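The (6S)-5-formyl-5,6,7,8-tetrahydrofolate binding site annotation in Swiss-Prot covers 21, 85, 124, 465. Taken from Swiss-Prot, the feature GTP binding site applies to 230-235, 249-255, 274-277, 337-340. Under the heading K(+) binding site, Swiss-Prot lists 230, 249, 251, 254. Per Swiss-Prot, the feature Mg(2+) binding site maps to 234, 255. Annotated domain 'TrmE-type G' per Swiss-Prot: 220-387, in sequence order.
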């Protein structure tokens, strides 16, 4: 149990209203020392929980501000401790004055994520729910918001609890059998155990495979913009982002390194990657940039191959052997840029250049990035190419790398159990693998997580959370 009382500003600078959170055993008494209710009578410490009290913050006899104080009593608060929230005017001077008074009277400044860490340590939420708080704060689309809300409300935690219950049931049957091994008593039918192992494997496997979707939703669908130099890659990136992110020049090889940025299109976050133009060069730095281009191409889920319409035949012939083999299981959109410089009849001829491309994942479009023609249509194609499901708050989709790694290890363990059952190995070995699986599942919820891991998780939160 935490014996000290913490405080922190919970709102961003520049707003009309500011909020300071105070939590810990002395939260109410420390707040009472600097706060005087406007209505004479009840002191703050005598107020009922979940009440708002209007009054003034004093530094000695000087009034600092007129404020509202919210009161929460343990264990019915966010942290599970006695807590107050002081809502004042948003002046940075006022907020700092109130903070200094709280610290002078016994509070200490909260560490990043300490409020949520205390909520976890006090049993108000498990670790996966605590991590979802950070995801909710960082959410930038409807899908990321829904996934974070689902996890924070305990949807993922319930899935883990059910999974852990099945695993404990499994291992208890195995270990009970081991206790009576000398009496040759079989408590669990091996076919029934195999059926249970299959059920567990299906659940874990579904969660592991959901990470590809979850990671794309959370961090953005990776879209690599590739092509020869001066095909218009940087111009397209600037148009999509609606800002001059990349340098645009007629000089070949201007973009020498990878430029990344994200944008929300139709409720989906896309992570665009503008790459160095592909060409033969003796420039060492440019060569490194081209090498990174192919690395980013391999990592992308959608590839925008920018082709200069006035030189399309040559570019497609030169680069198709390098690009097409790398685009298997990706979505490839061939973007014929500078289409305003060619005749309508030429477009049919250029489209025919793609006749040997794999039709199942290849699309094409004619645009003019400079004139912003057909760029809206390109955005629609990106949405269709993303193939992301419509997400609801009831969906259980893994978005956290730590969870994915733990689930992957749990999946390996349950696979060993399945193989062991098929091979009729001893229950001792089966029990060991099952317990390993339980360990990794429990690690996600924070039931077996060490202090170093906790510190690493919560230090990425903002101070007031």
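Heads up, residue numbers simply count up from 1 along the chain you see.
Placement of Cβ uses the backbone N, Cα and C atoms for every residue, glycine included.
Keep in mind the model is a prediction, meaning the values are calculated, not measured.
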By Cα-Cα distance, the member of binding-site residues 230, 233, 234, 338 nearest residue 85 ((6S)-5-formyl-5,6,7,8-tetrahydrofolate binding site): 234
For residue 233 (GTP binding site), the three-state class that DSSP assigns: helix
Distance, residue 124 ((6S)-5-formyl-5,6,7,8-tetrahydrofolate binding site) to residue 338 (GTP binding site) (CA atoms, angstrom): 58
Residue 230 (GTP binding site) to residue 124 ((6S)-5-formyl-5,6,7,8-tetrahydrofolate binding site) - Cα separation in whole Å: 56
Local Cβ density at residue 21 ((6S)-5-formyl-5,6,7,8-tetrahydrofolate binding site) - other Cβ atoms counted within 10 Å: 23
Winner by Cβ contact number (other Cβ atoms within 10 Å) across the binding-site residues 124, 233, 338: 233
Residue 233 (GTP binding site) and residue 21 ((6S)-5-formyl-5,6,7,8-tetrahydrofolate binding site), Cα-Cα, nearest whole angstrom: 47
Alpha-carbon distance [residue 233 (GTP binding site); residue 124 ((6S)-5-formyl-5,6,7,8-tetrahydrofolate binding site)] in Å: 49
Other CB atoms, at most 10 A from the CB of residue 230 (GTP binding site): 23
